[in-house]
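Database features, via TrEMBL:
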| type | residues | note |
| --- | --- | --- |
| DOMAIN | 212-367 | domain 'O-antigen ligase-related' |
| REPEAT | 600-633 | repeat 'TPR' |
| REPEAT | 699-732 | repeat 'TPR' |
| TRANSMEM | 7-33 | transmembrane segment |
| TRANSMEM | 39-57 | transmembrane segment |
| TRANSMEM | 69-91 | transmembrane segment |
| TRANSMEM | 103-121 | transmembrane segment |
| TRANSMEM | 130-150 | transmembrane segment |
| TRANSMEM | 170-191 | transmembrane segment |
| TRANSMEM | 203-221 | transmembrane segment |
| TRANSMEM | 227-245 | transmembrane segment |
| TRANSMEM | 257-273 | transmembrane segment |
| TRANSMEM | 354-378 | transmembrane segment |
| TRANSMEM | 390-410 | transmembrane segment |
| TRANSMEM | 453-474 | transmembrane segment |
Amino acid sequence: MNTNKILVNIILGGLYLVPLVVFIAPDGMFFPFIVGKNLAFRVIAEVILGAWLILVYHDPAYRLKWSPLLVAVTVFVVVSVLACVFGENPYKSFWSNFERMEGVVTHLHLYLYFVVATSVLGKKDAWWKFLHISIFVSVIVGGYALLQLAGKIPIAQSSSRIDATFGNSAYLAAYMMFHVFLTSFVLARTWVQGKLRGQNGKILALGYITAIVLETAILYGTQTRGAILGFGVGIVTTAVLVFFFEKEQKVVRKVALGVLGGVVLLVLGFFVAKDTDFVRNNQTLARFASISLTETTTQSRFIIWGIAGEGFKEHPILGWGQENFNYVFNKYYDPRMYAQESWFDRAHNVFLDWVIAGGLLGILSYLSLFGVALWYLWRRDNQKEKSAPFSLLEKSILTGLLVGYFFQNLFVFDNLTSYLLFFGVLGYLESVRQGQSVSAHAPKRHKKNETLSLQNVAIAPLVIVLTVFSVYGLNAKAFTGNRELLSALATAEQNPAGSFELFKNLSAHQFMGTGEFREHLVRTGFTLLSRSDVSAGVKEEFAKLAMEEMGKQAEEDSGNARTQLILGSFLAGVSQYNAKYNDAAIAVLEKARALSPQKQDILFSLGTAYVDTKAYDKAVATFKSAYDADPRFETARKMYGASLLYAGDKKLAQEILEPIYGTSTPSDDVFLKAYLHLGDYKTVITVLTRRVVEDPTNPQKLFSLASAYFEAGDRERAIQTMQKVAVLDPVFKQQVDFYIKEIKAGRHP
């Protein structure tokens with residue numbers, strides 16, 4: 001076998017493995033559904049790049065010619081790199097994190113994948129094989145999802161929305177939407193080529209149709225509204241194009257008309273039955289029925305999109321860089337988002353994500369990918385119609401795919417699997433453009449290049465060394481760090497000391513998950529500080545390492561309000577054991593507020609820190625800011641009311657609290673602590689008595705009430721309440737007798 005064939009086979013083998021990465025979700029990894037797939041793809045991309053570089057140096061016939069789509073993809077990646085360099089956090093923009101695994105590094109690998117696939121899959125039947133492998137994999141994924149629906153395999157999201165090996169139903173939905181169209185395209189192309197005749201042809205057609213039905217059913221089962229709507233829009237687009245422009249195949253035109261009629265009937269039927277039990281009892285249909293402008297999710301989307309608009313105004317040309325939407329979200333945070341998740345790192349709209357990630361240049365370069373792809377499909381050549389690369393039916397299906405994907409991106413964000421499919425489609429179209437379509441022959445190679453020259457012999461080892469270096473440097477450290485982080489988290493419950501050693505080891509290395517490691521170190525430290533079974537030495541070591549590492553993170557990522565909040569909150573927690581950290585906690589939390597002035601979570605932490613340091617006036621002012629931002633937020637009202645109690649303003653506290661609690665003495669622990677601080681044992685006894693009435697068989701509530709009576713000086717009622725505990729549960733009799741003895745002796749039990 002000559003050198004070219006060896007290199008081509010290595011590349012083809014790697015490319016044929018790409019569709020299989022969807023199966024990767026290894027146990028023992030932090031974010032296994034994301035990290036495993038991405039690292040596997042990166043390794044494949046780097047290996048096939050190395051082989052391709054040797055191949056194109058050895059045989060120029062495999063080099064791509066510049067073309068509109070190749071230029072568009074190149075510009076898109078170059079803009080991403082520039083936005084990263086001049087963005088808010090270049091390190092994060094380039095490397096991303098374990099949760100997302102996107103960033104510039106992923107887009108560079110996608111670019112390599114696009115280039116190599118375009119160059120090499122243009123061989124005879126290679127794209128055809130690639131598409132069939134991908135379809136076959138989608139069927140296996142569909143079968144896995146069916147087992148989830150049947151309850152045989154657990155759903156990672158712990159809900160009724162199937163996610164297969166993706167860990168996220170929206171990711172699975174996008175994957176299946178692509179494959180419905182790709183399988184339909186393969187079916188149409190096979191039919192156009194006349195390969196569905198005879199018994200074997202019928203079996204083949206049945207196989208394609210079965211795959212399409214399964215893929216559609218799984219898409220429906222994900223309950224992902226954006227992808228399902230995109231799928232519908234794509235189908236309508238395909239049917240309209242076929243109905244209006246197909247002149248030769250009347251049967252196909254009738255089918256298109258039937259599809260359009262079916263869609264109309266489905267939509268009308270849905271609106272007619274929208275309020276029936278049939279729709280309410282169907283989880284997918286019920287999710288569609290709930291869509292309205294007043295729905296919480298819909299409102300939050302509009303708010304987030306408005307926030308993205310503000311971010312674009314500030315950096316309109318190159319944006320903020322990839323993975324930096326959180327800076328925009330924090331800076332322009334809208335208090336009406338209080339009912340949603342606390343932190344958003346995506347706009348939940350791919351186009352707005354690129355507006356933020358790359359500014360005007362970023363969104364235009366992204367849109368150009370769709371524009372040039374559609375131009376490739378529909379451009380008029382000087383060639384005769386019979387030699388055109390696609391029939392009208394095939395062009396219509398691929399157009400429906402692009403339109404459907406475009407539409408779904410209005411409501412979701414991309415991930416590796418959807419990127420792989422999108423760049424795969426672009427690569428296929430580019431192969432056709434380069435004259436290397438499915439039916440084309442492999443590039444002709446010059447005879448003199450069949451064996452390696454001395455110069456080539458020198459190039460090959462260099463490329464191999466660089467490939468090995470990239471595989472290790474870009475992936476091995478991330479893989480090791482990821483597993484060690486999960487081990488540290490898993491060990492913390494049973495072996496805090498061992499967990500500390502793992503965290504300490506991670507602190508000695510810089511890797512793409514360093515920010516996540518530091519956050520989880522702090523969270524683990526928080527948990528261990530409150531555990532009585534953990535030694536003081538281990539707690540101290542954890543606290544010291546957490547403050548040190550999170551301090552580094554806050555310095556490196558000084559513009560991130562969330563980072564400052566995490567550090568400030570941890571310092572405030574540590575100050576409960578060592579008051580010397582109070583001032584540092586407040587200083588960091590004030591910095592967080594400056595970065596995100598209306599973020600309620602930050603105001604709550606800062607206000608609490610002021611309460612802990614008895615700076616009640618500042619606490620009141622801080623909590624009032626949170627309350628004024630959106631008075632509908634009950635937690636903000638509660639915290640503001642409690643701060644007024646600490647400050648001694650009972651009258652205003654009553655005005656704030658009564659509208660939601662119906663009383664000026666709510667039972668919440670936040671208020672109970674305030675009453676205790678004021679020495680208002682009358683109110684404390686009122687609250688605790690109410691709790692006992694609500695739960696009369698709870699010994700702990702009786703103990704708390706007895707303690708309140710004792711602190712109020714009513715020893716007789718304290719003893720009577722203690723005696724009720726002994727009657728309720730004899731297990732406490734010895735403890736109760738001891739307390740009563742101490743009380744009667746005039747001592748504090």
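Numbers run from 1 along the shown chain.
The backbone N, Cα and C atoms fix where each Cβ goes, glycine too.
Quick caveat, the model's predicted, so the values are computed rather than measured.
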Worksheet item: Going along the chain, which residues at least six beyond the ends of the transmembrane segment (203-221) come within the CB cut-off of under 8 Å?
Response: 135, 138-139, 141-143, 145-146, 149, 161-162, 164, 172-173, 176-177, 179-180, 183-184, 186-187, 190-191, 195-196, 227-228, 231, 284
Worksheet item: What is the number of residues in the repeat 'TPR' (600-633) that are helix, strand and coil, as DSSP sees it?
Response: 27 helix, 0 strand, 7 coil
Item to complete: Using a Cβ-Cβ cut-off of under 8 Å, list the residues of the same chain that are 6+ residues beyond the ends of the transmembrane segment (103-121) and lie near it.
Response: 8, 11-12, 15, 18, 38, 41-42, 45-46, 48-49, 52, 55-56, 62-64, 70, 73-74, 76-77, 80-81, 84, 92-96, 127, 130, 322-323, 416, 419-420, 423-424, 426-428, 430-431, 434, 436, 474
Worksheet entry | Cβ pairs under 8 Å between the transmembrane segment (130-150) and the transmembrane segment (39-57), at least three | no
Worksheet entry | Segment proximity, the transmembrane segment (170-191) to the transmembrane segment (39-57), 3 or more C-beta pairs under 8 Å | no
Fill in: Surrounding residues of the transmembrane segment (390-410) on its own chain - C-beta under 8 Å, 6+ positions past either end
173-174, 177-178, 181-182, 184-185, 188-189, 192, 226-227, 229-238, 241-242, 245-246, 249, 252, 349-351, 370, 373-374, 377-378, 418, 422, 425, 429, 432
Worksheet entry | Within-chain partners of the repeat 'TPR' (699-732) [C-beta distance under 8 Å, separation at least 6 from its ends] | 681-682, 684-685, 688-689, 691-692, 739-740, 743-744, 748-749
Worksheet item: Counting each residue once, how many in the repeat 'TPR' (699-732) are helix, strand and coil under DSSP?
Response: 30 helix, 0 strand, 4 coil
